[in-house]
Every structure is written in C-alpha cells, then in structure tokens.
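Copied over from TrEMBL, here are the features:
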DOMAIN    37-95  domain 'Chromo'
DOMAIN    179-237  domain 'Pre-SET'
BINDING   Cys181, Cys183, Cys186, Cys191  Zn(2+) 1 binding site
BINDING   Cys181, Cys192, Cys219, Cys223  Zn(2+) 2 binding site
BINDING   Cys186, Cys219, Cys225, Cys229  Zn(2+) 3 binding site
DOMAIN    240-363  domain 'SET'
BINDING   Cys323, Cys389, Cys391, Cys396  Zn(2+) 4 binding site
DOMAIN    385-401  domain 'Post-SET'
Amino acid sequence: AWYVPCLASLETLQELCRKENLRCKSIGITNRSLKSYEVEYLCDYKVEEGTEYYLVKWKGWPESSNTWEPQKNLKCPLLLQNFLSDKNEYLSRVREGKALKVRNHIKALKPAVADYIVKKAKQRIALQRWKEELNRKKNHKAMILVENTVDLEGPPLDFYYINEYKPAPGINVINGITTGCECADCPAEKCCPKEAGFILAYNKQKKLKIQPGLPIYECNSFCRCGPDCPNRIVQKGTPYSLCIFRTNNGRGWGVKTLQKIKTNSFVMEYVGEVITSEEAERRGQLYDNQGNTYLFDLDYDSDEFTVDAARYGNVSHFVNHSCDPNLQVFNVFIDNLDLRLPRIALFSTRTIKAGEELTFDYQMKGSIDLTSDSADGLSSSRKRIRTVCKCGAVCCRGYLN
C-alpha cells in the first residue's frame, strides 16, 4: 500500500481532538493532558520587573494556548537545560554578541533566537517519536537511536520502516520451500550449504569465513536444528545497537555503530521493495534528478529484479557510500532458493570501533571480480548523471557511479 503523510498540522489535530474530547497518544492527547497541564517545551524568555518568565508550550495543547510562566513555577530542569543549550548553540553559530536587549525596561530574546529554539524543540520531539516508532517496528533486540546535532532536519516524511523484502505485485520472494536439513550438529554434517554445493559460511565463533562472491546458505524454517544453530545468523537480524545520525559534511543521514563490531561479523540486511529491472529503470530516471541512490540490483544469477529502498527499508536505507568501506555485500539464501532473489547481507570487513560510521561501496557486488565494468551493485540506471562522492577516503574515486 502507498501512504500519504497527513496534511493537517499537529496543532490542528490537537484542537480537533480537544473539541471532540478525543484521546490520541501519538499527538499528545491523553487523559492526563486533557485534565492537567504539562510543559512540552519552552518557546521564549523575558524579564519583567526583575522576574524571569518563559513562554510555555503545553503538551497536548495548540500553540495558541501558550502562556508566559515565571521560572519559579516550572518543574522541568531538563527542558530548561535544552532551552539554554539551544540558545547558546544558535548564538555560537551566528556569532551574535548578546542574547538579550533592553526596551522599556523589558529584557527579551531576539525573535530569531526564539524562533530557532522553537524549531529545535519541535525537531527534538519529532526525532524522539521517530526513534520510538523505529524501535516498535524492528524485529531484532538491538536498539536504534536517532541523533541530529548538525541542523534542523527532522525525520524523513516519506519513509516507512520494514524488516524484510516488500515484493511488488507478481513477485514471489518465498518460493515455497518445504524441506530442511536433518542435522543434529549442523557444522559437522551435510547441512544446507553442502546440499547446495557450497561450504558452511560461518566458523565456530559465528564469523564469516568465506570469500566475497560466494553465497551464504542458512538453515531454514523447515530445518531440524533450533534457533541456536550456528548456521542461523542473518535471519536473526542485526545484533548491534545502531544510531541514525545527521552528517556534518552534506551527506545527509548516516549510520554509526554504538558497539564494537569484530571483523567478518554480520551487521545488517539491505531491504526494500523488490521490483523488476524495467521498473527500476523508470524509477532510476526520477532518482537521478534527485541525486538519490537506493536501487540495488539483485544480479547474483540474473538481472531480473532490483531492491528499491527509497520509500521502504530498514536502517540500511541511511548507510552512506564510501570508496573505502567497512562493510561488504553477500548474497544469502534461507527460505527462498531462487537464485534471482537473494537476500542482501552486509558484513564487516574489519574491526569497527563504537561510534564509527558504517559504510559500503555502492558499486560493490557480491562478486569476486570487482572490475570497473562489472562493479555496478546499485542500479545501472544511475549512470546517466554522475553523482559527486563526498566519502573523503584517500582512495576516493570522485563519483558514486
């Protein structure tokens, strides 16, 4: 299904809910907020006759209900701290001298400062809600955090979190597999990889031991082995807490790990809509003009299908390109053995420190031969317009495509 963002503002929705005495937790209208007042954020500051006042936005109430309250009545130290921090951040950026000016014995913030503080407060609330939404929808235990200390950009308006492929009509990403291995000890017996003619992809420490280009065959839902089987890695989802953060060099959002990741460890899957190559060509023309790069060709065996993570995806949607990446692409087969429709997994190529950004090469394929002619993991439709690369690597090629 296609979704359309609500065109009504939060304030309009709050007013409608209050008028009809309706509760809606997602926009802050609860039993508590209907009957009491809770500070949502602070909008402005002034001093009158020696008393400090803050303009308060009440949670669940429209901005038209904002009131000036003396500081002594406010029991919200964190919100006061955020207010002062946002004020100082703005002043440091624009290099203004004083935050206050005097008119008729009234000290007040400059309108531009107050405007920035309100926008920052709204952004903070929006990012918190987005973080909560992402963590509700994810199917793995690790946490997803969101951070923006760079600009006023909020959550993407047209992005929907999914945990697995979303096939377009007519495409079947589950091929009806009905058999699995009978192993009691998967690594030691003729397990799923051997049945497919390949070696087991993982060692005893559950780390990758195969070379790029070789497929990964994991045990499936019909296998005798249990959830602790060492050949069930990708299907369990990312084991690391990750943070979607705003980059400071014009690359938009990025993803960093909050935990140390050892070499050859599974990090995340690349998921999105599975579409035909013909549809990918059509969408690619639109994405070219926007400078977007979300099409990933499923070309392990053929070029029939493409994954489009532009509107539907998981954390991998926000992973940036690097010409010297720390993640490598591998093709994975679990409950679907159709060679045209592998799952795309990203594994670490080296030890990654906590706080380090995660990247992969947008031209990288799950192939041993990464020549300039064949290395086009992201759809070839992107080659019409060359996008400048901002990865900053010493070996940077200069362009994403």
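Residue numbering: from 1, along the chain as shown.
A Cβ is built for glycine as well, from the same backbone N, Cα and C atoms used for every other residue.
Heads up, TrEMBL stuff is auto-annotated, nobody curated it.
Where TrEMBL records a feature, it is marked here on the structure.
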| residue | record | contacts (Cβ under 8 Å, 6+ apart) |
| --- | --- | --- |
| Cys181 | Zn(2+) 1 binding site | Glu189, Lys190, Cys191, Cys192, Glu195, Cys219, Cys223, Arg224, Cys225 |
| Cys229 | Zn(2+) 3 binding site | Cys186, Cys219, Cys223 |
| Cys323 | Zn(2+) 4 binding site | Asp361, Cys389, Cys391, Ala393, Cys395, Cys396, Arg397 |
Residues near Cys183 (Zn(2+) 1 binding site) in space but at least six apart in sequence (CB under 8 A): Glu189, Lys190, Cys191, Cys219, Cys223, Arg224, Cys225
Tertiary contacts of the domain 'Post-SET' (385-401), as residues 6+ beyond its ends and Cβ separation under 8 Å: 249-251, 288-289, 291, 293, 320-324, 359, 362-363, 376, 378
For Cys192 (Zn(2+) 2 binding site), the number of other Cβ atoms found within 10 Å of its own Cβ: 25
Cys186 (Zn(2+) 1 binding site) CB neighbourhood, other CB atoms within 10 A: 23
Residues close to Zn(2+) 4 site centre defined by Cys323, Cys389, Cys391, Cys396, Cβ within 8 Å: His321, Ser322, Asp324, Lys390, Gly392, Ala393, Cys395, Arg397, Gly398, Leu400
Those binding-site residues listed as Cys191, Cys225, and which of them has the most Cβ atoms within 10 Å of its own Cβ: Cys191
Any further residue of that chain within 8 Å (Cβ to the Cβ centroid of Cys181, Cys183, Cys186, Cys191) of the recorded Zn(2+) 1 site: Glu182, Asp185, Pro187, Glu189, Lys190, Cys192, Cys219, Cys223, Arg224, Cys225, Cys229, Asn231
